[in-house]
Amino acid sequence: MKKVYIKSYGCQMNVYDSGRMIDLLKPLGYEPQANYPGADIVILNTCHIREKADEKLFSDLGRIRPYQEEKSDSGRRMLVIVAGCVGQAQGGEIIKRTPYVDIVLGPQTYHRLPEMIARALRTVDGKGIVDTEFPLETKFDSLPEMSEGVGPSAFLSIQEGCDKFCTFCVVPYTRGAEFSRPVQDVLREAQSLADKGVKEITLLGQNVNAYHGIDPQGGKEWGLGRLLEKLSDIKGVERLRYMTSHPRDMDEDLILAHRDLPKVMPFLHLPVQSGSDRILEAMNRKHKAALYFEIIQKLREVRPDIALSSDFIVGFPGETEADFEATLNLVRDVKFHMAYSFKYSPRPGTPGSAMESQVPEEVKSERLSCLQDLLISHQIEVNQKMIGQRTSVLLDRQGKREGQYLGRNPYMQSVYVEANPRLWGQIVEVDITDAFQNSLTGKIVVEERVIEAA
Ligand code: SAH
Ligand code: SF4
Ligand code: F3S
């Protein structure tokens, strides 16, 4: 059996893509393995979003190289493949810098991986293959049925690419133009996941709520609200989530889905980036902070317990103390369940990187830690409030200790419990007994009844 090692560096879509690449290689006789030494194929599925993510690729390549040489000394080959968003952005440059890389491809061409591998294995002169096209055919039409990475909770990619061109972001360049998969394709894939025992589906897209897939009759376009309604009919799927959303695409249908569809979980990741209108404009987010507050208010009206999460960038060019204060105020007003925050990282080719008045690194660091302190204090407070409450948890991961399992409740909080292994993959009721910064612990209720039913 031949072995493939794959590493994901990026977002959930990047993780999803890694699973699909394994699905493509399995019929060719490749089995996944957990590390790169000895592998016949090493795939680095890269991320270009911030400088740090980018740099990891080259340090990893340096570490892998001796193993590739060792393999070639014994007359065999280790193909080294760079996939993902750095592959798309840098293409042939990667092979110039690290000539031992055999293949470079982007997120839109990985369905061609089998033929690229066949070509690479035929070449002896070590000349690298680069395929970073945005092909007319979509990869979704030629990917095999999903199997890799399918547990009780699975990702399903429904939308890709981005036309919004925020001035800090590389995604429109690395993933290409916005594209929504047809409703029929999404329903088919969701049903096949349900048939495999999947209980929770997270719909993925860079702008998932900009979804506008062609309907089953091939006439009209459906938005995400309508799609969620249809997905709610699938038996066995108990929970639906979606990410990542943009405030401008949070339409009425989608907000009402949180009221009308019990399977749609009361959680929303809605990045705002900044609380300052001036900075939002410079970022080309095309909305004001007021719109964000309006959406949150509407959501809380229809679903008062909804948990909110967001992304923030501090130190965008031109950000003043007053702008940063506006971000802190937004955070104080909304009180997020969780959030991701980053120092602005100038990305090659984006308008932001050419802007004057770049913010000094020390200021960025100061602001980041100030913002994170505030976010963490809210997160702890929200978690503490769960103590004594009953919540449902989908047990889909093993804890560190024997007999310990981990899962998410509807609000995306991580909950640790002691459980009988037979409960793995089930949704159980848990009484929360303790709370920490990033997780909760609790005790399973009515365990006997669930076991009897199982
Ligand atoms: N499509 C999503 C975000 C995708 S990128 C949206 O529109 O919100 C994920 C997150 O990375 C962003 O929300 C942003 O907070 C962060 N990010 C993107 N580019 C960045 C950059 N150049 N520097 C720092 N953070 C960045
Ligand atoms: Fe990037 Fe903006 Fe598109 Fe999100 S909406 S992927 S931040 S350009
Ligand atoms: Fe990174 Fe590409 Fe995702 S840049 S965040 S892997 S879309």
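Here the Cβ of each residue, glycine as well, is placed from N, Cα and C on the backbone.
The domain 'MTTase N-terminal' annotation in TrEMBL covers 2-122.
Cβ contacts within 10 Å of CYS47 ([4Fe-4S] cluster 1 binding site), excluding its own Cβ and spanning all protein chains shown: 21. CYS47 ([4Fe-4S] cluster 1 binding site) falls outside any helix or strand according to DSSP and counts as coil. Summarising the annotation, TrEMBL assigns [4Fe-4S] cluster 1 binding site to CYS11, CYS47, CYS85.
What TrEMBL lists as domain 'Radical SAM core' is 148-381.
According to DSSP, CYS169 ([4Fe-4S] cluster 2 binding site) is assigned to coil rather than to any helix or strand. All chains included, 22 other C-beta atoms sit within 10 angstroms of the C-beta of CYS169 ([4Fe-4S] cluster 2 binding site). The [4Fe-4S] cluster 2 binding site annotation in TrEMBL covers CYS162, CYS166, CYS169.
The average pLDDT computed over the domain 'TRAM' (384-446) stands at 95. The domain 'TRAM' feature in TrEMBL is assigned to 384-446.
For CYS162 ([4Fe-4S] cluster 2 binding site), the same-chain residues 6+ apart in sequence whose C-beta sits under 8 angstroms from its C-beta are CYS169, VAL171, PRO172, ARG175, ALA177, GLU178, GLN206, ASN207.
Cβ crowding, taken as the number of other Cβ atoms within 10 Å, peaks at CYS85 among the binding-site residues CYS11, CYS85, CYS166. In the three-state DSSP scheme, CYS85 ([4Fe-4S] cluster 1 binding site) is classed as helix. In the domain 'TRAM' (384-446), the DSSP tally of helix, strand and coil residues is 4 helix, 34 strand, 25 coil. A separation of roughly 17 Å, to the nearest angstrom, links the Cα atoms of CYS166 ([4Fe-4S] cluster 2 binding site) and CYS11 ([4Fe-4S] cluster 1 binding site). Note: the domain 'MTTase N-terminal' (2-122) comprises 66 helix, 24 strand, 31 coil (DSSP; helix = H, G, I, strand = E, B).
Compute the center of the Cβ atoms of CYS162, CYS166, CYS169, which mark the site for [4Fe-4S] cluster 2; besides them, the chain residues with Cβ within 8 Å of that center are LYS164, PHE165, PHE168, VAL170, VAL171, PRO172, GLN206.
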